[in-house]
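Q: Take this structure, written in structure tokens, and hold onto it; I'll ask about it next.
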Amino acid sequence: MAQQQAGARGSKLEIVAARGGSGGSSSAGDAEAPPLDVLRQDSLYRDATRPAHGHHGQESWMRTLRLGFQCVGILHADLGTSPLYVYQNTFKYGIKHEDDIIGVLSLIIYSFVLFTMVKIVFIALHANDDGDGGTFALYSLISRYAKVCLIPNQQAEDELVTRYNDHGKPPATLRRAQWMKSQLEKKPAKIAVFFLTIFATALAISDCVLNPSVSVLSAVNGLKLRAPHLTTDEVVWITVGILVVFFAVQRFGTDKIGYTFAPVVVVWLLLISGIGIYDLVKYDVGVLRAFNPKYIIDYFRRNKKDGWVQLGEVLLTFTGTEALFADLGYFSIKSIQLSSTFVLLPSVLCTYIGQAAYLRKHMDQQHIQNAFFNSIPRPLFWPMFVLAIMTSVIGCQAMVSCAFATMSHLQTLNCFPRIKILHTSRRYSGQLYSPEVNFFLCLLSCVITLSFRTTGFIVKAHEICVVLVMVITTILMTIVMLLVWKVNIWWIVLFFVVFMSTETVYLSAVLYKFTKGPYMPLAMSAVLMVIMFVWHYVHVKRYKFELEHTVSPNKVRELLERRDLKRVPGVGLFYTELVQGIPPIFPHLIEKIPTIHSVIVFISMKHLPIPHVDVSERFLFRQVEPKECMVFRCVARYGYRDTLEMADDFVTTLVEYLQYYIRDLNLYNTVEPLKMSCPSIRIDSFSWDRRPSGHGIYAEEMLTPIQSFSELTMHPVGMSSRLAQFQTTKMSLEEMLKIEEDQKLIQREVDNGVVYILGESEVVAKPHSNLLKKVVVNYIFNFLRKNSRKGEKMLSIPRRKLLKVGITYEI
């Protein structure tokens with residue numbers, strides 16, 4: 001029962017209704033709490049005890065070290081397997097000069113330090129959205145400080161949700177933040193920021209297709225050194241077999257792989273660093289000259305255009321860097337910085353230096369191919385081969401998990417058709433799995449592996465995804481610095497100039513080879529972007545149509561007071577995307593079926609641009625006039641990482657907070673202005689002896705729905721005098737009984753049954769629309785809608801309790 005659950009949460013609440021400057025004291029045993037301003041009489045906004053701010057709070061060093069160890073297993077595997085294919089792709093046409101090896105090594109060292117360590121680990125991680133990273137989190141952070149969302153469903157109450165403005169509002173004197181906000185809220189800027197976000201998202205998903213192919217194929221290629229009779233076809237089919245098994249086990253919740261096999265990645269990084277030191281000492285210590293950036297200049301002087309083109313292969317050094325930022329949610333910034341600085345950086349640099357030393361003595365093409373496995377001492381080949389396969393799979397896991405999470409986030413933005421999202425762990429809310437996404441990732445990865453057959457072509461496609469995501473991240477990071485961070489403008493200029501200039505050079509080198517592979521991820525990204533744009537465009541148009549055609553209050557009153565309208569027992573939950581007003585489908589329902597339930601609640605499921613919304617701040621209510629008709633509007637707010645409850649659980653929570661609202665609404669309507677304060681500790685005894693001073697009116701320790709106001713008359717000792725005192729206040733016993741009666745009515749109708757009413761709106765283009773709009777709306781969108789999951793499945797609504805109402809909108 002909802003009332004019983006309400007009682008479990010806390011049976012008493014102190015309500016203070018005051019005029020002017022009057023006030024009152026709390027009981028001696030109570031810790032006084034500051035009053036909370038009520039937003040308006042007909043809106044419930046309950047400020048509960050707020051959870052602690054910050055990502056992980058104050059961490060102990062032991063916790064940081066433990067998180068750092070797990071971080072190695074989940075985030076560093078992809079970066080740790082890049083040495084498998086960097087040199088063999090960079091020098092695939094041979095080494096022209098022995099100092100070219102030192103030049104490329106110098107590029108690798110400074111590129112890795114600049115982009116992985118400086119940009120991501122020490123700068124970008126601080127631009128997280130309450131512990132979530134990636135371009136999606138940057139967009140969410142921007143949308144909290146500027147109205148860049150294309151759907152007009154923002155509400156003033158949203159900004160009061162915990163963690164909505166964790167970074168603090170920029171001071172009014174900070175002119176650049178105000179200027180940036182005004183520029184971003186212009187329509188062209190909104191579209192541009194949205195375009196960049198979904199473009200980066202589409203590229204990241206395309207990268208999730210390419211990454212498993214490159215990593216696993218590079219690892220399996222090492223077999224040719226010990227089994228030279230293996231053909232390319234056999235290597236490809238072995239790779240495909242591993243990929244199929246890898247994607248097949250995703251449904252079991254393989255985020256656990258990262259935790260279980262963190263020791264595997266640690267052993268891998270330790271071994272490759274040890275082998276790198278061994279090769280350095282054995283072959284050529286002189287490659288340490290690569291720490292002198294002069295060799296980069298000499299390299300470009302010697303190779304000119306060819307050296308510039310080879311930059312595309314050098315950026316493979318930091319593939320997987322985006323995972324450090326995107327998968328921040330499980331870890332703290334300190335743990336990632338610690339593990340990256342003291343484990344990842346030295347291990348990766350040692351193996352690149354060791355391979356360079358080996359290649360200085362073995363410059364022929366035979367040794368350049370599979371340079372990594374050739375540089376390994378013979379007794380360690382098989383252990384390293386097995387570790388390479390395992391580490392590659394673990395590295396792919398982080399990317400695939402990112403794809404599942406990204407698709408879930410896209411749905412909260414209404415940028416992608418509804419697909420099935422499963423939670424594979426009850427303990428970790430971020431462990432997601434989507435059968436549809438997993439199938440297409442597996443299919444495309446296998447097709448790409450079978451089509452290109454070698455890493456050379458796939459790597460070129462991989463490069464374009466990496467560098468474009470880097471460029472977009474730099475742009476969004478700069479916007480965050482200007483809008484949110486209180487940083488000196490010259491530091492922002494330095495950040496933008498340094499990273500945008502260097503990344504543009506890398507991008508130009510990759511685009512030069514456009515016809516040799518990079519078109520593939522752009523083609524995949526283009527298809528994804530068309531789907532995202534069409535779905536979001538029609539969704540925005542449909543929302544605006546409903547907003548323009550909301551039912552007026554007079555029309556609602558007229559509908560509810562119709563003589564032929566029948567009220568049947570039970571509660572009707574009417575789902576709508578509209579957060580303002582009554583949707584136009586409501587009068588359509590009454591015209592077709594002039595019968596509604598005794599209690600009607602219009603529910604709008606809304607996702608805020610923050611990861612999580614506490615359940616105590618989830619619901620906003622407003623009662624629709626006339627009040628005796630018991631019709632309410634409710635906005636249920638979720639973060640983009642929050643899980644939607646099962647239908648029955650949702651109803652239980654909804655009814656609990658609806659009863660709170662009924663109680664508070666009646667109390668708030670007694671006097672104006674109103675203040676509400678919540679005691680910081682629970683009180684189990686009545687304290688009605690103190691009288692309010694001046695014009696203050698008190699109803700202290702009001703009972704929650706679980707307890708009856710009529711129970712007050714059952715206390716024999718001294719209760720009659722206290723009731724007499726209470727009846728002199730403005731909140732009379734009759735009014736309190738009215739509150740109880742309304743609450744009991746709600747619970748009684750819930751017991752009579754709950755029916756879920758869903759509007760099934762079909763959208764078509766207006767007859768006079770142009771051909772492109774007709775194709776987009778009538779064909780592409782409706783095809784996507786018919787092949788996506790139905791709303792009742794997304795909300796876990798039982799079919800026996802479902803009522804659908806069909807309507808057609810012309811947009």
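Just so you know, glycine gets a Cβ as well, placed from its N, Cα and C.
Note that the coordinates shown come from a computational prediction; the quantities given were computed from them, not determined experimentally.
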Q: According to Swiss-Prot, do Met62 and Asn488 sit on the same side of the membrane?
A: yes
Q: Any contact between the transmembrane segment (338-358) and the transmembrane segment (489-509)? By contact I mean 3+ C-beta pairs closer than 8 Å, pairs at least 6 apart along the chain.
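A: Result for the transmembrane segment (338-358) with the transmembrane segment (489-509) is no.
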Q: Restricting to the same chain and to residues at least six past its boundaries, which positions have a Cβ under 8 Å from a Cβ of the transmembrane segment (67-87)?
A: 59, 104, 108, 116, 211, 214-215, 218-219, 222, 255, 258-259, 261-266, 268-269, 272, 313-314, 316-321, 323-324, 327, 330-332, 335-336, 338-340, 343-344, 347-348, 351-352, 355-356, 359, 368, 371-372, 388, 391-392, 394-399, 455, 459
Q: With DSSP helix as H/G/I and strand as E/B, how many residues of the topological domain 'Extracellular' (88-100) fall in helix, strand and coil?
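A: Going by DSSP assignments, the topological domain 'Extracellular' (88-100) contains 6 helix, 0 strand, 7 coil.
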Q: Test of understanding: applying the rule of at least three C-beta pairs under 8 Å (pairs 6 or more apart in sequence), is the transmembrane segment (101-121) touching the transmembrane segment (489-509)?
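A: By the criterion, they touch.
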Q: Should anything in the same chain at least six residues away from the transmembrane segment (311-331) have a Cβ under 8 Å from its Cβ atoms, list it; otherwise answer none.
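A: Cβ under 8 Å, 6 or more out: 67-68, 70-71, 74-75, 77-79, 82, 85-86, 89-90, 104, 107-108, 111-112, 115-116, 120-121, 124-125, 128, 131-134, 204, 207, 211, 340, 348, 352, 395, 398-399, 401-402, 428, 430, 459-460, 462-463, 466-467, 469-470, 473, 505-506, 509-510, 512-513, 611, 641.
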Q: For the topological domain 'Extracellular' (88-100), provide the mean pLDDT of the predicted model.
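A: Within the topological domain 'Extracellular' (88-100), the model's average pLDDT equals 89.
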Q: Applying the under-8 angstroms CB criterion, which one of 101-121, 191-211, 380-400, 520-540 scores highest with the transmembrane segment (439-459)?
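A: The listed stretch sharing the most Cβ pairs with the transmembrane segment (439-459) is 191-211.
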Q: Hey, which bits of the same chain come close to the topological domain 'Extracellular' (278-310), Cβ under 8 Å, at least six residues off its ends?
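A: For the topological domain 'Extracellular' (278-310), the list is 90, 96-97, 99-107, 109-110, 350, 353-358, 360-361, 375, 377, 505, 508-509, 512-513.
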Q: Near the transmembrane segment (380-400), which same-chain residues lie under 8 Å Cβ to Cβ, leaving out any that are not at least 6 residues past its ends?
A: 73-75, 77-81, 84, 207-208, 211-212, 215-216, 218-220, 222-223, 225-226, 242, 246-247, 250, 254-255, 257-258, 261, 264-265, 267-268, 271, 275, 320, 323, 327, 373, 438, 441
